[in-house]
Amino acid sequence: MTDLEKPSITGHMFDVVVIGGGISGLAAAKLLSEYKINVLVLEARDRVGGRTYTVRNEHVKWVDVGGAYVGPTQNRILRLSKELGIETYKVNVNERLVQYVKGKTYPFRGAFPPVWNPLAYLDYNNLWRTMDDMGKEIPVDAPWQARHAEEWDKITMKDLIDKICWTKTAREFAYLFVNINVTSEPHEVSALWFLWYVRQCGGTSRIFSVTNGGQERKFVGGSGQISEQIMVLLGDKVKLSSPVTYIDQTDDNIIIETLNHEHYECKYVISAIPPVLTAKIHFKPELPPERNQLIQRLPMGAVIKCMVYYKEAFWKKKDYCGCMIIEDEEAPISITLDDTKPDGSMPAIMGFILARKAERLAKLHKDIRKRKICELYAKVLGSQEALSPVHYEEKNWCEEQYSGGCYTAYFPPGIMTLYGRVIRQPVGRIYFAGTETATQWSGYMEGAVEAGERAAREVLNALGKVAKKDIWVQEPESKDVPALEITHTFLERNLPSVPGLLKITGFSTSVALLCFVLYKFKQPQS
């Protein structure tokens, strides 16, 4: 028993109890244990990992059915995984990517599909430039303080896209961009929140790219190893199948009760679960009004992650890498990536069923989803081999009661400016982690590590172990996965938008017409 503790009425006394055994909670517990803090992790599921989950069987060896991707500028998760001896490998984009739109397949290379229509090109260019420029106005640690926060928080991303885009081509791709990045619909999410989300991931190119972007790499053996290995380090300080139902901090010691009626005491609590899931916990005293309102207003995104396995990577015979961007309302999958193992074994394509499509297709039998996906791949890749998979894995995150969805919680219009400032505010001796509370790569594993370690340092500060100025720590860049600067050409920076072009051409036409009239007027009359 440390000098922090008073006699326990439960016999289970700890300095800190962490609620949630995902990457965020376990990163917090690991850091606390390194300071010799007596910590316990309570995890609701019968496994650790949270929204990361590595399935292992003879058909797949291992497969990440949850969070999997990591890339440059995600320095905390790269540092943590390296410390645990987990290596990364690059997602294959050596061959051509594919865009499928209006029933046709268009191969391309690079982060974004090329656009041949001049007006659509101007529209695309202006869309990405405008989103990035708006994002630069938003403080990553306090988006509610942005100069236009109130204005942007009142509208949805659909409203903003419809305002920015003049062509149907750019508008529909922008809708898909929202679906892919936050597994939600453009009409559901606040423009302020989405612009902040893209900004804190490094901008439109960084968040969407494979090479030099958020999807550049995966972990050899699966991302689930991160949580599993931290659990091994913590030993018996991680308890599974222990959903927390009650927290009482009215006395010197906080009392925690689980669903199976086990009781624990501690001095501090770190909640490392999605905000909406804290509504499953009874608090005494009750949560402050703003916190209580916030947790009721942050829905989770909707996604089904699907992996189709084949005898061989047949798509490579056509010089395709396996990445498909699919713009088709009837298509189950919106985006894919090659999910073949780094040694070339277990050829597979990973695809996401996103947002409205996840809700719709979840009603079908698994075999029907599998068939629809294979038929889609056959059509997009132009190969009947897609119809003959050897195995299929999927994970519907909407049915996970201890996640509520994936990838992350989103802010509907009006919520960020009204309640966003309390997302990280402690409630008494309860501190908040979880990827939603991060300021860099929120929604990703990187954000989970940032949030967990920051919450741990907040507790360490309360315990007198670290100074207040050391709660927020700047992470050095990974030497193994350095980030390349994202640059834009002179034309990309300076090309006009479609309305800008119309103004220019309209003015030019008017001047030419005026000159013609003046010329005619000055001619001698016969």
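Each residue, glycine too, has its Cβ placed from N, Cα and C.
Per Swiss-Prot, the feature N-acetylmethionine maps to MET1; the stated evidence is similarity to another entry.
A C-beta separation below 8 Å, combined with a sequence spacing of at least six in one chain, links SER383 (phosphoserine) to PHE314, TRP315, LYS317, LYS318, TYR377. In the three-state DSSP scheme, SER383 (phosphoserine) falls into the coil class. The phosphoserine annotation in Swiss-Prot covers SER383 and rests on similarity to another entry.
Neighbour list (CYS406 (S-8alpha-FAD cysteine), Cβ cut-off 8 Å, at least 6 residues apart, same chain): ARG51, GLY66, GLY67, THR183, MET300, GLY301, ALA302, VAL303, LYS305, TRP397, GLU400. DSSP assigns CYS406 (S-8alpha-FAD cysteine) to coil in the three-state reduction, placing it in neither a helix nor a strand. Look at Swiss-Prot and you will find CYS406 tagged as S-8alpha-FAD cysteine, backed by similarity to another entry.
The site 'Important for substrate specificity' annotation in Swiss-Prot covers ILE335 and rests on similarity to another entry. In the three-state DSSP assignment, the secondary structure recorded for ILE335 (site 'Important for substrate specificity') is strand. For ILE335 (site 'Important for substrate specificity'), applying a Cβ distance below 8 Å and a minimum sequence separation of six or more within one chain yields ILE180, CYS323, MET324, ILE325, ILE326, GLY351, PHE352, LEU354.
On its own chain, CYS374 (site 'Important for catalytic activity') has VAL308, ALA386, LEU387, PRO389 as residues at least 6 apart in sequence with a Cβ closer than 8 Å to its own Cβ. If you look up Swiss-Prot, you'll see CYS374 marked as site 'Important for catalytic activity', on the strength of similarity to another entry.
For the topological domain 'Cytoplasmic' (1-497), the mean pLDDT of the prediction comes to 95. According to Swiss-Prot, the topological domain 'Cytoplasmic' annotation covers 1-497, on the basis of similarity to another entry.
The annotation topological domain 'Mitochondrial intermembrane' is assigned in Swiss-Prot to 519-526.
Residues annotated as transmembrane segment in Swiss-Prot, with similarity to another entry given as evidence: 498-518.
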